[in-house]
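Quick look at what TrEMBL annotates:
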DOMAIN    147-192  domain 'PSI'
TRANSMEM  277-299  transmembrane segment
Amino acid sequence: GFIYTGEVVHRMLTATQYIAPLMANFDPSVSRNSTVRYFDNGTALVVQWDHVHLQDNYNLGSFTFQATLLNDGRIIFGYKEIPVAVTQISSTNHPVKVGLSDAFVVVHRIQQIPNVRRRTIYEYHRVELQMSKITNLSAVEMIPLPTCLQFTSCGPCVTAQIGFNCSWCSKLQRCSSGFDRHRQDWVDSGCPEESKDKICEKNIDTTETPLHSSTTLLPTTTKFRVLTTTRGSTTSHLPTSLPTEDDTKIALHLKDNGASTDDSAAEKKDGTLHAGLIVGILVLVLIVAAAILVTIYMYHHPTSAASLFFIERRPSRWPAMKFRRGSGHPAYAEVEPVGEKEGFIVSEQC
C-alpha cells in the first residue's frame with residue numbers, strides 16, 4: 001500500500017522512503033478480486049489498490065483506496081472502502097503507516113577494506129497523517145510548499161526566504177539546501193564548501209522558472225528524525241517514531257544551515273588516526289622485543305660490556321641501598337686480645 005519513486009532499492013523503503021495512502025500487510029494473492037492498478041495521463045499518476053485483503057486477517061474485509069501524484073507537486077489520497085478503523089490494523093507482521101517520508105542515500109568508501117563501500121540512508125523529512133481520520137469515502141490533499149530546487153539561478157537562490165538555507169553550487173548549476181535526493185552529487189562536487197561563501201559570480205542571469213519534480217512534493221518543514229548517530233550538530237526537533245535498523249546502518253543527517261559534513265575529510269582523518277595507532281603499537285612491540293633480546297644476551301654473556309655495566313649499577317651497589325643495609329650494624333668491629341686484659345691504674349690524691 002505504498003509507492004516508491006527512488007532509484008536505489010533497499011530493504012528500508014517502508015521505514016524511510018514511501019508515499020503511503022495506507023501501508024499494511026496487504027496480500028493481493030489471497031483473493032481473485034484483489035488488484036493493484038495504475039494509470040498515467042501525463043499530468044497525473046494514479047495508483048489504486050482495489051479490494052485488497054490483509055494477509056494475517058482476511059476476515060476483516062477488503063480495502064479499496066488510491067493515491068494520485070500530480071505534476072504540480074500535489075498528492076491526493078482517496079479512500080473508498082475502509083472496513084475497519086486503521087488504528088485497529090495489526091502492525092506485528094508489517095508496519096502500518098499513512099503519510100510521506102523521504103531520504104537520500106550516501107555511499108562511503110571504507111579505507112580499511114578495499115572495494116567495499118558502506119551505504120548510509122539519511123531520512124530528512126516525514127509527514128504522518130492522523131489514522132483516525134481515514135474512513136470510507138474520505139480524501140486527503142497535500143499541497144507542496146516552496147523548496148530550494150525551484151530556483152534555477154544563483155541570485156534568487158541565495159536570497160530566497162522560504163524557510164530553507166538555500167545555497168547555489170556553480171559546478172552542478174543547482175540550488176539546494178543539501179538535503180534532497182541528489183545529496184551524493186552535492187557532496188562529491190564539493191558544494192558544501194562552496195555554499196559557505198554565498199557569493200554569486202558576476203553576469204549571472206537571475207531569472208527563475210518553477211521546477212516541477214518529484215523532489216518538490218515534500219513540504220518545507222525542516223523536521224529531522226534521529227535514527228542513529230551521525231557526525232553533526234543536533235536540532236531541537238525530537239524523533240517522531242521509534243528507530244528501525246538493518247544492515248544499511250540507518251542514520252539521520254542533523255545539520256541544516258550550511259554546516260554539512262565532508263565525508264572525504266572525515267575518512268581521511270579516520271585513516272590518519274588508524275595509521276598513528278598502528279605505528280604506536282609497532283614501536284611498543286619493537287621496544288619490548290629489544291629488551292627481551294638484550295636480557296637473553298647478557299644472561300649468556302656475563303662478562304660482556306653490557307653485563308658489566310648493569311652489574312656495576314645494580315640496586316645493591318646504590319649508595320642508598322648501602323646505607324639502608326648498614327644502618328642496623330656498626331661499621332667497625334671490636335677486637336679483644338686473647339688472654340689477660342691490660343689493666344689501667346687511676347691515681348687518686350691522698
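A Cβ is built for glycine as well, from the same backbone N, Cα and C atoms used for every other residue.
For the domain 'PSI' (147-192), the model gives a mean pLDDT of 90. Helix, strand and coil counts under DSSP for the domain 'PSI' (147-192) come to 16 helix, 6 strand, 24 coil.
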